[in-house]
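S.K.: Here's a structure for you.
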Amino acid sequence: MAIAQTILTQGIANEIALVDVNVDKLRGEMLDLQHAAAFLPRTKISASADYSNTRGSDLVIVTAGARQITGESRLNLLQRNLSLFSKVIPPLAAKSPDSIFLIVSNPVDVLTYVAWKLSGFPSNRVIGSGTNLDSSRHSLWGKHGDSSVALWSSISVGGVPILSFLERQEEIAYEKQTLEKIHKEVVEGAYEVISLKGYTSWAIGYSVASLARTILRDQRSIHPVSVLAKGFYGIDGGEVFLSLPAQLGRSGVLGVTNVHLTDEEAAQLRESARTILEVQGQLGI
């Protein structure tokens, strides 16, 4: 509900339609938001277990996902999410055939690919939240999660690339392991939140709301989100979604920007693609 709440408080949408299988909880959330709406920009809020409630949507945000069972393999979890998406995506696409799909469910890159295949939409209208949140802390591309690619070459201090800056500063000692530790802390930031409160909500809520604003208001801003990556940065051999710097607007993905990468960063990005392709090959779609 953090995404809906953030979109509501920021006045991003004129109407919010919620869908869930838990009817009682859904109605409770709807009523709570409706009560809050008296103090916020005017937005119509509706909720139903029927996908007809979403008919004619401009943007469909998908957060549905199975919870991982203790000891369950990632592949088995992914298979269960595939089964869930096969029930959710087709009716959503049928009710809003001209919409843009924004996938938040994890593993987001693979499930964005699944949503693209199941919806039949053109690739520019299926987007994953990707590394948009992580990149608020560090510039990260590629596969969302532990194997994301840290783009140190894109970071500068006073216009000087940060690695060159550090090499010239005799009083600042650093090692490659230090950079790896920073990357790890950025990626695992969500794990600390989960260990303390049981789940993440507000950060991803605001991150996804920023994507919704860019799309619905046609702001044409660039975000690191999961898009069809084939043909970019030497990625070929299969259809795979990865986080790349994409310009977003009212029609979805308007383009992917060309940013210079080091040979090592480009190789890591291609390795991310190969890892995801191996997983997708086991799904049978």
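In case you wondered, yes, glycine gets a Cβ from its N, Cα and C as well.
Annotation comment: TrEMBL describes 2-128 as domain 'Lactate/malate dehydrogenase N-terminal'. TrEMBL lists ASP20, ASN81, VAL104, SER105, ASN106 with the feature NAD(+) binding site. Feature annotation from TrEMBL assigns domain 'Lactate/malate dehydrogenase C-terminal' to 131-277. Residues or ranges marked as active site, proton acceptor in TrEMBL: HIS144.
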S.K.: With DSSP as the yardstick, break the domain 'Lactate/malate dehydrogenase N-terminal' (2-128) down into helix, strand and coil residue counts.
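M.R.: Secondary-structure breakdown of the domain 'Lactate/malate dehydrogenase N-terminal' (2-128): 66 helix, 21 strand, 40 coil.
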S.K.: Across all the protein chains here, work out how many other Cβ atoms are within 10 Å of the Cβ of SER105 (NAD(+) binding site).
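M.R.: Excluding its own Cβ, the number within 10 Å is 21.
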S.K.: I'd like the number of other C-beta atoms within 10 A of the C-beta of ASN106 (NAD(+) binding site), please.
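M.R.: For ASN106 (NAD(+) binding site), the count of other Cβ atoms within 10 Å is 18.
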S.K.: Could you state, as a whole number of Å, the largest distance between Cα atoms of any two of ASP20, ASN81, VAL104, SER105, ASN106, the listed NAD(+) binders?
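M.R.: Across ASP20, ASN81, VAL104, SER105, ASN106, the two farthest Cα atoms sit 17 Å apart.
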S.K.: Write out the long-range same-chain contacts of VAL104 (NAD(+) binding site), meaning residues 6 or more apart in sequence whose Cβ is under 8 Å from its Cβ.
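M.R.: Listed in sequence order: ILE3, ILE61, VAL62, THR63, GLY128, SER129, ILE204, VAL208.
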S.K.: For the domain 'Lactate/malate dehydrogenase N-terminal' (2-128), what is the mean per-residue pLDDT, to the nearest integer?
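M.R.: Computed over the domain 'Lactate/malate dehydrogenase N-terminal' (2-128), the mean pLDDT is 92 on the 0 to 100 scale.
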S.K.: Which of ASP20, ASN81 has the fewest nearby Cβ atoms, counting only those within 10 Å, among these binding-site residues?
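M.R.: Among the binding-site residues ASP20, ASN81, the sparsest Cβ neighbourhood within 10 Å belongs to ASP20.
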